[in-house]
């Protein structure tokens, strides 16, 4: 059994990588002639080798793309029940099996209906894994490492996007339907690796304790945190905290989703759900799915478009590294506020460039792609591409990882599985809506799409400043105390340290800050 938290994380977050694989398996393929001709809905019907094929209609393409997040919404809601019943680890394994089933259907798709069904099933898997992987690794990690290990899920997503994009790009040179069937089949490989890898990982000690499997709980704590010594001081402290938590849970049994809407919990539910909704309303996943449309409007075609699109995926991977290294030092509030502000600037800049220097595309869109309904050329087009890259660079170290790190830190253990499932389901229902909305929006309102997302980014920066408290470095017991302390969200980093200092006599603010990192015990309130 593997006990190193970094190896455990590296294997578990493959579940996040599945979402990345799905994003680029669609974004890299929907612009290829092979895909457009096989699923063509234009007036010339579905013949294969026809350079004028326009592919699925805008609303149908939106439906194809949206079917995956639609399934993810259902999967995220189901994941809370699966996780509580089977355990965190087995729930993720169930997700990996479902992913393989969906991938088989997608690979064998004979028509648009079959493709949508396969993607919906894939979505069920992504919903389960994206909700429970953060819970699993956060329950194994100590607070001073929690942001780093949970944030690794976002890094895995970026790697999944990048790897699958280049696989799909390479396969685009294959003639016939193998150009998209091969990458859609290859995406089963990481799910198989995830299932096998999880066989060698321990279960969450907190879930084991919840099921009164105390001996196994102690063994996992010894393996992961005690370096084989069952009498290590940290292991003893952690076990006592878990015992206290379980005693509290017994007095608060039969937790349901309604618990999340009680007066004592609704503010946290609002913050967690809002975090996931705003992460979608940044427009980032829209840029990931439909970047070839954006660059097509900027004058890029064929392989040039695909290569230029891939650069943003490289930026996404590289910039996420900064979050993994510094996120526990930066905290949560700062990156969210700064990231939203920067993204709004790039969205407004793109809207201004398109409106000022662009013009409507010929009827039927650029290169017969209706979604490419606006065109811009020359230096302004290069500026649009640059602003798109800067947008990705602003999202990757901020909203990307923090939107996964933050929700599990807000809730006590008794409700965490269902709470994170609810938050993640909000992410997926908005992903579904936006995936469906954007292709027709590009056709009908053109560059104004950028204005909409710019307004969203501006609003989320204001909302974050006034409503989101700082959770970085705090034990979950501290977070519970913080929510009942009445401290304003913008004062939670400084004021809460003063409370800790007061509780510990002459402890300085600096020592109080260190206290958060040195006390990894997790206790529900």
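Cβ coordinates are placed from backbone N, Cα and C, and glycine is handled just like the others.
In TrEMBL, the feature transmembrane segment is placed on 336-357, out of the ranges 248-269, 336-357. Per TrEMBL, the listed range annotated as transmembrane segment is 184-201 (candidates: 184-201, 202-219, 220-237). Taking Cβ pairs closer than 8 Å, the transmembrane segment (184-201) reaches residues 1-2, 8, 11-12, 14-15, 17-18, 21-22, 25, 89, 92-93, 96-97, 99-100, 103-104, 106-107, 109, 125, 129, 160, 164, 167 in its own chain, all 6 or more past its ends. Among the recorded stretches 6-30, 123-143, 306-327, 336-357, 450-468, the one sharing the largest number of Cβ pairs closer than 8 Å with the transmembrane segment (277-300) is 450-468. The listed stretches are 123-143, 336-357, 377-398, 419-438; of these, 336-357 has the most Cβ pairs under 8 Å to the transmembrane segment (450-468).
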